[in-house]
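Annotated in TrEMBL:
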| type | residues | note |
| --- | --- | --- |
| COMPBIAS | 1-12 | compositional bias 'Polar residues' |
| REGION | 1-24 | region 'Disordered' |
| TRANSMEM | 83-102 | transmembrane segment |
| TRANSMEM | 114-136 | transmembrane segment |
| TRANSMEM | 163-184 | transmembrane segment |
| TRANSMEM | 196-219 | transmembrane segment |
| TRANSMEM | 225-247 | transmembrane segment |
Amino acid sequence: MLPTTSVNSRSPGNGALSPRDAARHTAGAKRYKYLRRLFHFRQMDFEFALWQMLYLFTSPQRVYRNFHYRKQTKDQWARDDPAFLVLLSIWLCVSTVGFGFVLDMGFFETIKLLLWVVFIDCVGVGLLIATLMWFISNKYLVKQQNRDYDVEWGYAFDVHLNAFYPLLVILHFIQLFFINYVIISDSVIGYFVGNTLWLIAIGYYIYVTFLGYSALPFLKNTAILLYPFALLIMLYLISLACGWNFTKMLCSFYKYRVK
């Protein structure tokens, strides 16, 4: 098991955190440091954030190995650098504008859609999911012998952001090239392509979320986080049998939002 506190943060006497170091490791102090860096772009490591985004597609396990390293060196699982959040926000804005263009929305309709997607779909839903997973993991998944440890809320939010990024790229970028010419048509190939992209995107979200919580050495039974795969595949097969087109429903929902 990896150490849960940094060796350098302990006092040499009894191995306990000194009062000064303990104050630096409170949730409030970490949150203040994170938010402060949010307004100092020169302090952000965008190159490393781009590396994480790349490997979330190709090898997400490597991303979570870095979280282990952060715990060993900085005594926290959650990111202390908001660069990933900034790049994700930029990507979300650009892809949403692309969605507005593909759906032939006007300028103000696109701005309204952008506000909905950023503050409701990403931030609002993200806060809700992170809080729910934070509660469930601390309530039911922490090992009995490790009750002194808990899942940081910031880490739960990071796991959501990690899982949300591939979903965003697949549904808000890759899918754009197929919407008007393939997906929203009434043909079988239309809803097959669209629903398959949804299957891959949500499957990525479930898998990356599972990796995030299974990376914590004080959690148990994290395999239950993979159980939604069964429901996902079942819903996918039912949608193909019934001719449901999830992307077409999403486009209609987006247009309804901006009316």
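Cβ coordinates are placed from backbone N, Cα and C, and glycine is handled just like the others.
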**Q.** Best-contacting stretch, by C-beta pairs under 8 Å, relative to the transmembrane segment (114-136) and drawn from 83-102, 163-184, 196-219
**A.** 83-102
Q.
Below 8 angstroms Cβ to Cβ, which residues of this chain, lying six or more residues outside the transmembrane segment (163-184), approach it?
A. 53, 56-57, 88, 91-92, 95-96, 98-99, 102-103, 122, 126, 190-191, 193-194, 197-198, 200-202, 204-206, 208-209, 212, 245, 247-248, 250-251
**Q.** Intrachain residues whose Cβ lies under 8 Å of the transmembrane segment (196-219), provided they are six or more past its termini
**A.** 1-2, 4, 56, 60-61, 64-65, 67-68, 77, 133, 137, 141-143, 146, 149, 151, 155, 158-160, 162-164, 166-167, 170-171, 174-175, 178, 183, 225-226, 228-229, 232-233, 236, 246-247
